[in-house]
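My questions will all concern the structure given below.
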Ligand code: NIG
Ligand code: FE
């Protein structure tokens, strides 16, 4: 039996109650289920009660002295943030390409001349398992310090079996050893390796006939993702790859319409993807198809910001009924950040979303984008006790006061892991 935690008296407790079965759409994205002077009782890693402070004091009056009390007076309490799209397991860094882009080179030009994803692939190939683990572990600590408690993680910096396997094994070990939950995605279809440039279909065959079956057999991923983009994988190739994954129980995800319109959103609806991500250039037809099929639109305004491109039209997607989620896209090329709260501010300022909508997008809708809506993403009895306390008095101020890390306390699996904005010593890498 663990010591109960009693979080008390939040000025606003964002519960998002009633959202576990399906992602929120349209007006429901603004229904945060706020309780003023709200409190939560946590025991054994699970939320036991949520309500007004006075109600919980009455309910637990005989046990108050057993609990570790966390004072949230004047603060905002939300579900732990969920990041549904990252490439967190990588080695190296690409600030040289950042400098090149600032002088006019484009992201795709850099990639087509052997840099970009290929540069990170070389670095990831060269890194040992331990080096990759250590680098990624530090990134996870930074995520935690920004209030994030669950992170999706893609492979895709190998594009040959050995390195893809290494990335997925590192993700597995991180999930076991770091307090953050990692949800793994296979993304062997991240770029066409140089040796397959003249015969990309052969690489597609390799993915379908060898890598996907092995990943599934080893149970190393839940999702299968593909970069469907002009000059990378065509919609036909992407469809073959995603359908093959489905046969092995891997749920489709897709990097869609990021740089050019390519009917990626339409494809996501057609193959029954759980999410379509990026969508900067998605067509209205594609958005409508996503809405009809309940495909979550995972929007990454940090990537648009960093690539100096126009953001996806989040406002229009929400109005058309697409369930929208937000993510950092954390990766060394197009979005080297771990700050999901900054992405939430960009959601407001660059995509016309309201502060309430971005909270939903970074919690319960993000959880649904990685098939975790029943376990996390809202503060309800029986759900995992993943909770973030921000040092702001209300949810609007979180996005308004942008670029500042307001995270004060993080509870993960019912354990306090960040207090006063600092990580608990036991989580430092030297202890693992
Ligand atoms: O989501 N677009 C493709 N993949 C990543 C970028 C990866 C990289 O540049 O290293 C993305 O933006
Ligand atoms: Fe990505």
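Backbone N, Cα and C atoms are what each Cβ position is placed from, and that goes for glycine too.
Unlike curated entries, TrEMBL annotations are predicted automatically.
Small disclaimer: the values here were computed from a predicted structure and weren't measured.
Okay, so TrEMBL annotates it like this:
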type: DOMAIN; residues: 76-417; note: domain 'Amidohydrolase-related'
type: BINDING; residues: 85, 87, 255, 329; note: Fe(3+) binding site
type: BINDING; residues: 85, 87, 255, 329; note: Zn(2+) binding site
type: BINDING; residues: 94, 157, 190, 258, 334; note: 4-imidazolone-5-propanoate binding site
type: BINDING; residues: 157, 331, 333; note: N-formimidoyl-L-glutamate binding site
Non-local Cβ contacts of residue 334 (4-imidazolone-5-propanoate binding site) (under 8 Å, 6 or more apart, same chain)?
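Listed in sequence order: 107, 303, 306, 307.
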What binding-site residues among 85, 157, 334 have a C-beta sitting less than 6 Å from any atom of ligand 1?
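Checked binding-site residues vs ligand 1; flagged 334.
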Can you tell which of the binding-site residues 87, 94, 157, 255, 258 lies nearest to residue 331 (N-formimidoyl-L-glutamate binding site) in space, using Cα positions?
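Nearest in space to residue 331 (N-formimidoyl-L-glutamate binding site), counting only the binding-site residues, is 87.
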For residue 329 (Fe(3+) binding site), write down the residues of its own chain that are at least 6 apart in sequence and whose Cβ falls under 8 Å from its Cβ; none is a fine answer.
85, 86, 87, 277, 278, 300, 302, 303, 335
Give the maximum pairwise CA distance in Å, whole number, for the residues 94, 157, 190, 258, 334 listed as binding 4-imidazolone-5-propanoate.
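Maximum Cα-Cα distance: 20 Å.
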Near ligand 2, which of the binding-site residues 190, 329, 334 have CB less than 6 Å from any of its atoms?
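Near ligand 2, sequence order: 329.
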Of 94, 190, 258, which binding-site residues are close to residue 333 (N-formimidoyl-L-glutamate binding site), meaning a Cα within 10 Å of its Cα?
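94, listed in sequence order.
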Mind checking which of 85, 157, 255, 258, 331 has the fewest other CB atoms within 10 A of its CB? They're the binding-site residues.
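Each of the binding-site residues 85, 157, 255, 258, 331 was scored; lowest Cβ tally within 10 Å is 331.
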Using a Cβ cut-off under 8 Å and a sequence separation of 6 or more, which residues in the same chain sit near residue 190 (4-imidazolone-5-propanoate binding site)?
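In sequence order, 117, 154, 155, 156, 157, 159, 225, 227 meet the Cβ cut-off.
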Please find, for 157, 331, 333 as listed binding N-formimidoyl-L-glutamate, the greatest distance between any two Cα atoms, in Å.
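Largest Cα to Cα distance for the N-formimidoyl-L-glutamate-binding set is 12 Å.
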Can you grab the distance from residue 94 (4-imidazolone-5-propanoate binding site) over to residue 255 (Fe(3+) binding site)? Cα atoms, rounded to a whole Å.
21
Neighbourhood of the Zn(2+) site (85, 87, 255, 329): other residues with Cβ within 8 Å of the Cβ centroid, in order?
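My list of surrounding residues reads 86, 154, 225, 277, 278, 300, 303, 327, 330, 331, 335.
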Can you tell me the mean pLDDT for the domain 'Amidohydrolase-related' (76-417)?
98
Quick one: among the binding-site residues 87, 94, which has the most Cβ atoms sitting within 10 Å of its own Cβ?
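Neighbour-count leader: 87.
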Once the chains shown are all counted, how many other Cβ atoms turn up within 10 Å of the Cβ of residue 333 (N-formimidoyl-L-glutamate binding site)?
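For residue 333 (N-formimidoyl-L-glutamate binding site), the 10 Å Cβ neighbour count is 24.
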